[in-house]
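Undergrad: Marked as transmembrane segment by TrEMBL: 28-48, 60-77, 83-102, 181-197, 209-226, 238-256, 262-285, 297-320, 326-345.
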Amino acid sequence: MERSSEPSCEYSVVEEKLLLGKLHMKKIPTSVSSGYLVVVFVYVTEYVGIKARTWASMHVHAAFAVGVMIVALVGYLVRTWWIYQVCLSITTLPFIIFCWLLPETPFWLLSQGRHEEVEKLINVMEKWNNISTPCKLSELCPTHQDEPVSEITEKKKKAPSVKNHNLLDLFRTCTMARRTFSIWLVWFTGSLGYYVFSLSSVNLGGNEYLNLFLSGAVELPSYIVACLGMDRLGRRNTLAPFLLLSAVICGIIMVIPQDFSALQIAASMTGKFTIGVAFGLIYLYTAELYPTIVRSLAVGSGSMMCRIGSVVAPFCVYLADVWVFMPQLLVGFMALLTGALTLMLPETLGEPLTSTMEEAAALGARRDRRAQKEETAFSDVALEKLEAPV
C-alpha cells in the first residue's frame with residue numbers, strides 16, 4: 001500500500017506545480033496589456049489637437065468595450081479553454097509589427113529638445129493631410145521666436161542633460177500632491193466599480209454570457225455620453241456628477257427586492273453605464289492635468305491604482321456572502337467620496353497640453369484669471385453703455 005501511494009503523491013506534486021505555472025503564466029498577458037494600454041492612450045492623446053482629443057481618446061475605450069463583447073461571444077462559441085485562449089491571443093499579433101512603424105509624438109520630441117525631428121515629422125503629417133503651409137518651429141515653441149532650428153538644436157546640445165523624472169515628482173508641491181491623491185482615488189474607484197458591476201453581472205440570473213456581453217455593450221453609449229459631456233460641460237463637470245450618480249444607483253440597487261431579477265439587471269447595467277462614463281474620461285483628464293515630462297508616469301501610476309481596484313473587486317464581490325448588498329455599499333461610498341474630491345480639481349477643457357510642472361500647477365489659476373478678465377471686460381462694456389449719453 002505504501003509503494004502504491006508514491007506515484008499518486010508524485011503526480012499530485014507535479015499537478016500542483018503545473019497549476020502554479022499556469023497561474024503565473026496568466027499574469028504575464030495581464031501585466032503586459034495593462035502597460036501597453038497606458039502607452040497607447042498617451043500616444044494617441046499627444047498626437048491630436050485640442051478639438052479632436054476627446055473623441056480620439058474615447059476610441060481606445062470603445063475598442064476595449066468591443067473586446068469585452070468579443071470575449072463573451074468567443075466564450076459562448078468555444079468551450080475548450082486552450083482553443084479559446086489561442087483565439088484571443090492571435091488578435092494581438094498584428095500590433096507587434098505595427099508598433100515598430102510608428103514615429104514618436106511631437107510633444108515628446110519637443111520635451112527632449114529634438115526640434116529637427118519634430119519639424120520633419122510635422123511636415124510628413126502636413127503632406128498626409130494635404131496642408132501646404134510649412135511647419136514653423138516658432139509656432140511649436142513660442143519661447144524660441146525668430147531662432148533657426150540649427151541654433152536651437154546647438155543650444156540644446158550644450159545644455160545639461162534632461163532630468164529623469166520619477167514618481168516623487170507627482171508630489172513635489174502641495175498642489176500636485178492633492179491633485180495626484182484625488183486622481184489616484186478616481187482611478188481606484190472607477191476600476192473598483194467597473195469590475196464589481198462586471199463580475200456581478202454573471203450572478204444576476206439568466207445567461208451569464210449574455211450578461212457579460214451586455215455589460216460590454218452598455219459601455220459604448222457611455223463613452224458617447226462622456227465625449228458629449230466633456231466637450232460641452234468640461235472634464236470635471238462631467239466626471240463629478242457621474243461619480244455621484246453612480247453612488248445614487250448603488251443605493252437604488254440596495255432597495256430593489258431580490259425577486260425582481262429584471263429590475264436588478266437594469267439597475268446594474270445603469271450603474272455600469274454611469275461608472276463607465278467616469279472611468280472612460282479619467283484617462284484623458286489625467287493626461288491633461290500633468291505636463292509632458294511626467295504625463296506617461298501620471299497615467300501609468302493611475303493605471304497602477306486601477307489595477308489595485310481590479311484586484312480588490314473580486315474580493316468585494318465575495319463580500320455578498322456576508323451581506324448581499326455589501327459590494328454596492330462599498331462602491332457607493334467610494335463613488336460619493338471621490339465625486340466630492342473631484343470638484344476640487346481644475347478644469348482642462350480647451351486648455352493646451354502643458355510641458356512643465358509650473359504650467360500644470362497653474363492650470364486652475366490660469367482659468368480663473370481668464371474668467372476674471374472676461375468678467376471685468378464685460379463689466380466695463382456694460383458700464384460704458386450705461387454712461388453713454390442718450
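Numbering starts at 1 and runs along the chain as it is shown here.
Even glycines carry a Cβ here, placed using N, Cα and C.
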Undergrad: For the transmembrane segment (238-256), what are the same-chain contacts with Cβ under 8 Å, counting residues 6+ beyond its ends?
TA: 186, 189, 193, 226, 229-230, 263-264, 267-268, 270-271, 274-275, 277-278, 281-282, 285, 325, 328-329, 331-333, 335-336, 338-340, 342-343
Undergrad: Below 8 angstroms Cβ to Cβ, which residues of this chain, lying six or more residues outside the transmembrane segment (262-285), approach it?
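TA: For the transmembrane segment (262-285), the nonlocal Cβ contacts are 41, 45, 53-54, 57-58, 60-61, 65, 183, 186-187, 189-191, 193-194, 197-198, 200-201, 204-206, 211, 214-215, 218-219, 221-223, 225-226, 229-230, 235-236, 238-239, 242-243, 245-246, 249-250, 252-253, 256, 299, 302, 331, 335, 345, 348.
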Undergrad: The transmembrane segment (181-197): which same-chain residues, six or more beyond its ends, come within Cβ distance under 8 Å?
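TA: Contacts of the transmembrane segment (181-197) (Cβ under 8 Å, skipping residues fewer than 6 from its ends): 215, 239, 243, 246, 268, 271-272, 275-276, 278-279, 282, 285-286, 289, 298, 301-303, 305-310, 312-314, 316-317, 327-328, 330-331, 334-335, 337-338, 341-342, 344-345.
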